[in-house]
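Engineer: This is the structure I have questions about; it appears just below.
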Amino acid sequence: MRLIVAITGATGAIYGVRLLQVLREAPEVETHLLVSDAGVLNLHQELDMGRKEVEALADVVHNVRDVGAAIASGSFQSEGMIVAPCSMKTLAAIAHGLSDNLITRAADVVLKERRRLVLMVRETPFNLAHLRNMTAVTEMGGIVFPPLPAFYHRPQNIAEMVDHTLGRVLDLYGLAHHLAPRWRGMGE
Ligand SMILES: Cc1cc2nc3c(=O)[nH]c(=O)nc-3n(C[C@H](O)[C@H](O)[C@H](O)COP(=O)(O)O)c2cc1C
């Protein structure tokens, strides 16, 4: 299966990087990666990672400006796309069908082909534009998935919080994982 992964300039670059690391261990998944310019800034700021280091985690890398790439067409078959993390700018462009770069074009294609689009949107607090854009994407069939940590599994560190959230994302694609224990009810 093919999965498109995009890293944009919202804080939380770790979600995109960890997602790629996990998918690398899934031989059945071919990852197609896009990193925006602002995404690169945050990789440096938050993880001391450069573009090349992150791109090495993917099977195929696309340039965000290359709107002629295979993933810009509905004829490219995939299970869908995960934007991790997703900035409010990229959310807005997707919500309005702008297709102004390869990230927003690929997302547009995933929506028009009725494939699965997960946007790990990150901002706080939200203004009305953010909320309306999330509604619009939801109405189009996309999944708005803010990476909000849970605490009921008593995470011991950031890595456990991140993995718990990413496990829920992988569940949406039916991908097997052992990122976090599943809730078995109170007191179990
Ligand atoms: C350190 C840093 C943190 C940022 N965090 C956020 C954020 O959490 N959410 C957001 O929507 N934008 C955030 N931004 C702003 C976006 O990077 C900016 O809007 C950019 O134009 C997004 O472009 P892109 O969607 O093409 O990556 C942040 C920028 C920087 C430099």
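Yeah, the Cβs are placed from backbone N, Cα and C, and that goes for glycine too.
What TrEMBL lists as domain 'Flavoprotein' is 1-171. The feature FMN binding site is assigned by TrEMBL to G9, A10, T11, S36, S87, M88, K89, T90, R122. Per TrEMBL, dimethylallyl phosphate binding site is recorded for Y152, R168.
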Engineer: Which whole-number mean pLDDT does the model give the domain 'Flavoprotein' (1-171)?
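Structural biologist: For the domain 'Flavoprotein' (1-171), the model's average pLDDT rounds to 97.
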Engineer: Count the other Cβ atoms sitting within 10 Å of the Cβ of Y152 (dimethylallyl phosphate binding site), across every protein chain shown.
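Structural biologist: Total other Cβ atoms inside 10 Å, all chains included: 8.
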Engineer: Under a threshold of 6 Å between Cβ and any atom of ligand 1, which of the binding-site residues G9, T11, Y152, R168 are retained?
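Structural biologist: So the answer is G9, T11.
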Engineer: Expressed to the nearest Å, what is the distance separating K89 (FMN binding site) and Y152 (dimethylallyl phosphate binding site) at their Cα atoms?
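Structural biologist: Approximately 32 Å lies between the Cα of K89 (FMN binding site) and that of Y152 (dimethylallyl phosphate binding site).
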Engineer: Count the Cβ atoms, other than its own, that fall within 10 Å of the Cβ of S87 (FMN binding site), considering every protein chain shown.
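Structural biologist: A 10 Å sphere around the Cβ of S87 (FMN binding site) contains 24 other Cβ atoms.
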Engineer: How many Å separate the Cα atoms of R168 (dimethylallyl phosphate binding site) and T11 (FMN binding site)?
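Structural biologist: R168 (dimethylallyl phosphate binding site) to T11 (FMN binding site), Cα-Cα distance: 19 Å.
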Engineer: If you count other CB atoms within 10 A of each CB, which of K89, R122, R168 wins among these binding-site residues?
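Structural biologist: Neighbour-count leader: R122.
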Engineer: I want the residues beyond G9, A10, T11, S36, S87, M88, K89, T90, R122 whose C-beta is within 8 angstroms of the mean position of the FMN site's C-beta atoms, in chain order.
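Structural biologist: After dropping the recorded site residues, what remains is T8, A38, G39, P85, C86, L91, E123.
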Engineer: Between R122 (FMN binding site) and Y152 (dimethylallyl phosphate binding site), what is the CA-CA distance rounded to a whole number of Å?
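Structural biologist: Cα to Cα, R122 (FMN binding site) and Y152 (dimethylallyl phosphate binding site) are separated by 21 Å.
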Engineer: Distance check, please: Cα of T11 (FMN binding site) against Cα of Y152 (dimethylallyl phosphate binding site), rounded to an integer number of angstrom.
Structural biologist: 24
Engineer: Test of understanding: give the count of other CB atoms lying within 10 angstroms of the CB of G9 (FMN binding site).
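Structural biologist: There are 22 such Cβ atoms around G9 (FMN binding site).
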Engineer: Taking just the CA atoms, what is the gap between Y152 (dimethylallyl phosphate binding site) and S87 (FMN binding site) in Å?
Structural biologist: 27
Engineer: Max Cα-Cα distance in Å among G9, A10, T11, S36, S87, M88, K89, T90, R122, the residues listed as binding FMN?
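Structural biologist: Overall maximum Cα spacing for these binding residues reaches 15 Å.
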